[in-house]
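Structure, as structure tokens:
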Amino acid sequence: MMLPSEKHLKGSLHFVPRTLPSTPSRGRAAEQTCLALLQACTSLRHLLQTTALLLKYGLQSNPLVLTKFAAASSALDALEVATSLLFSPHASTHLYDCFLFNTVIRSHAQSDRLGDRRLAISYFSAMLRCRLLPNKFTFPFLLKACASLPEPTGVGAQVHGCVVKYGYSSDPYVQNTLIHMYSGAPSGLDFARELFDRMPKTSPVTWSVMIGGYVRSGFSNKAVGLFREMQGRGIQADEITVILVLSACADLGALELVRWLGSYVERENIPKALPLCNALLDALAKCGDVDGAVALFEQMHAKSIVSWTSVIDGLALHGRGKEAVRVFEMMKGAGVVPDGVAFISVLTACCHSGMVDEGRRYFHSMTSDFGIEPQIEHYGCMVDLFSRVGMIERALEFVKTMPIEPSPVIWRMLIGACRVHGRLELGERIAKNLLDEDPTHDSTYVGLSNLYALRRQWEKKWETRRAMSERGIRKVPGCSLVELNGEIYEFVAGDESQLQYRGVYEMLEEIGRKIKLTGYLPTKTEVLLDIDEEDKEDALH
């Protein structure tokens with residue numbers, strides 16, 4: 001029987017072994033021997049030796065042995081060995097059962113390789129062609145494979161059709177993995193929520209899956225809102241749910257909620273495993289309570305590189321570069337080997353504190369001391385470091401000598417630095433070159449128009465804005481988030497949809513009057529508009 005995966009299995013074990021004549025008792029003993037050996041397999045060599053014995057005993061069509069063989073191959077990351085035997089041209093696939101196919105599908109779904117996860121779907125098709133009916137364990141594995149694909153909802157919707165066809169649409173485990181699959185892409189979030197709302201009975205796992213979908217797609221506000229609804233229904237959150245909500249809080253800057261979650265963990269006796277402590281540490285640091293993050297870090301009995309990096313990153317982002325560097329050195333002193341992410345954090349610390357010499361030293365130590373090849377993010381940190389201190393020529397020289405192609409982000413970083421440090425003509429040249437290569441990004445147009453405004457070249461500024469408009473490109477308006485009494489409010493520039501927006505603007509005017517009485521003088525050069533000085537002051541509000 002030819003299966004769709006055979007083209008991936010060149011070099012398979014294409015031979016038919018001569019089976020030994022055996023009595024039923026001898027066959028049973030051979031089966032038990034192979035099962036025991038497969039259970040004890042710890043290396044690829046042992047697996048191949050056991051495979052030879054399996055063939056010698058003629059057990060290549062024994063579903064029980066083959067199921068254990070597939071599981072052992074998966075544990076040793078040797079799926080090719082399993083599929084070479086299971087689906088060779090001489091395999092007796094008509095003797096296989098659903099349990100064996102479930103094991104193969106699960107093994108491929110859990111693989112780190114995208115190609116293996118795609119094959120999980122192919123083996124489901126092969127299972128159907130073998131006239132085997134899937135059971136309730138088949139679909140969670142299969143949907144997990146779909147969820148990990150770049151575009152999960154296309155093939156996932158077809159699998160969903162099979163779920164309905166074979167009568168498993170009301171199984172809670174299948175429902176949870178359906179929600180997980182659909183919520184893996186922004187385009188499927190609404191359908192995932194529809195499935196979630198239709199479920200007659202939910203568990204903490206169901207809520208975690210839906211909250212996780214919102215977090216992964218960047219809808220942190222909705223994730224927090226759903227968590228509040230979960231609390232309102234009296235459903236106790238588990239460790240996974242708390243970690244997900246902490247991630248949403250870190251994105252929103254919701255410090256009050258982060259602190260409440262820390263108290264909730266203590267009150268509900270949720271085990272403070274290392275991933276949970278790391279999530280709380282990261283959320284505290286990103287929400288501004290760096291001292292609280294450091295205090296938690298010092299209390300932690302076990303620390304991973306994620307713990308150290310979160311503290312370094314938190315100190316760096318809040319301008320405490322020297323402390324961040326000190327923690328980085330403490331990490332190395334504790335025997336924790338820094339990775340690429342840790343170097344991004346310490347280079348960011350050097351950027352925010354203007355420590356050029358330290359930044360250059362750490363950048364070079366990546367390769368010389370730790371053998372880490374710098375990625376585009378590390379090069380970006382160095383360009384940012386030179387740019388912030390006004391070393392524009394040095395930054396430009398660094399970009400030109402990079403061994404990898406500079407990203408548009410790096411060029412836009414240089415444009416911003418040219419604006420801040422008065423290198424307007426250089427910034428204009430870089431912006432024009434970037435527009436030739438990437439004419440679709442709004443911030444490049446905005447950067448160029450701002451350079452023209454600083455030079456009082458108003459006509460060129462409006463030409464740039466017109467070109468942007470003609471291409472259908474719109475600038476994403478700025479926004480800010482404010483947490484008050486446990487609620488998170490979002491304000492968008494120019495938005496008047498808030499019910500209390502009039503009161504907000506009246507309060508801004510009052511604040512403006514009060515700060516002027518204390519001696520505040522507005523920096524009107526930052527208003528890049530061709531308007532009167534008095535209007536510029538109003539625009540700064």
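Even glycines carry a Cβ here, placed using N, Cα and C.
These features come from TrEMBL:
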{"type": "REPEAT", "residues": "203-237", "note": "repeat 'PPR'"}
{"type": "REPEAT", "residues": "273-303", "note": "repeat 'PPR'"}
{"type": "REPEAT", "residues": "304-338", "note": "repeat 'PPR'"}
{"type": "REPEAT", "residues": "339-374", "note": "repeat 'PPR'"}
Beyond the flanks of the repeat 'PPR' (304-338) by at least 6 residues, Cβ under 8 Å: 274, 277-278, 281-282, 284-286, 288, 290, 293-294, 297, 345-346, 348-355, 358, 362, 370
Secondary structure tally of the repeat 'PPR' (304-338) (DSSP, helix then strand then coil): 26 helix, 0 strand, 9 coil
Integer average pLDDT (0 to 100) for the repeat 'PPR' (203-237): 92
Positions whose Cβ lies under 8 angstroms from the repeat 'PPR' (273-303), at least six residues beyond its ends: 239, 242-243, 246-247, 249-251, 253-255, 258-259, 261-262, 265, 310-311, 313-315, 317-318, 320, 334, 336
Same-chain residue ranges lying at least 6 outside the repeat 'PPR' (339-374) that approach it to Cβ under 8 Å: 305, 308-309, 312-313, 315-317, 319-322, 324-325, 328, 331, 381-382, 384-386, 388-389, 391
